[in-house]
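Just below is one structure, and these are the notes that go with it.
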Amino acid sequence: MINFFLNCYYTVILAWAFHFIFSSFTSQLPWTRCDQSWNTPACRVFTNQPINSSIIENTTHISNISLITVDATTEYWEYRVLSISDGIHNIGTVKWDLALCLLFTWIIIYLCIWNGIKTSAKIMYVTALLPYGFMFILLIRTALLDGASNGLIHYLKPDWSKLTDMTVSGNKECSFFIRFISKL
């Protein structure tokens, strides 16, 4: 019974992934702008531009001000994809784009298991080998970028002090329990 609910859970996540894939086939990604219908006045597009320190030095002390900004990606996820309502009393309506993505996901799952293990074995060859091809392409691409040697040294030289960090240990234990429970 647990596996059934976990399969449903991961199918919904896969449907969200298909939604993002289908949404990315536009000339400009919808989660990179703040002029959409679902955006709030607190929406900001964050860029990596340097701050002019002379502006900061010339400001007066401002107290009792609330400056809350939300990035466009978060607003796209919360207000466009999920359509989060203001409370449990307002459940909203069916999101037909997500429902179609969920149907598409279940159809793909059905087609994968339709003819039994022989079809699944053929699909397995593609799904098992294709990521290695993509990783090899990404490896070649990143090896040709500026500063690739610094990143490679950072990757291959471990930081042993992180082993004593409780956050890393907690994440490791949480991952272990999730894997352990899914095997039951």
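Along the chain as shown, the residues are counted starting at 1.
Cβ from N, Cα, C; glycine included.
The disulfide bond feature in TrEMBL is assigned to Cys34-Cys43. The transmembrane segment annotation in TrEMBL covers 98-117, 123-144.
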Across the disulfide-bonded residues (Cys34, Cys43), the Cβ with the fewest other Cβ atoms inside 10 Å is that of Cys34
Structural state of Cys43 (disulfide bond), classified by DSSP into three states: strand
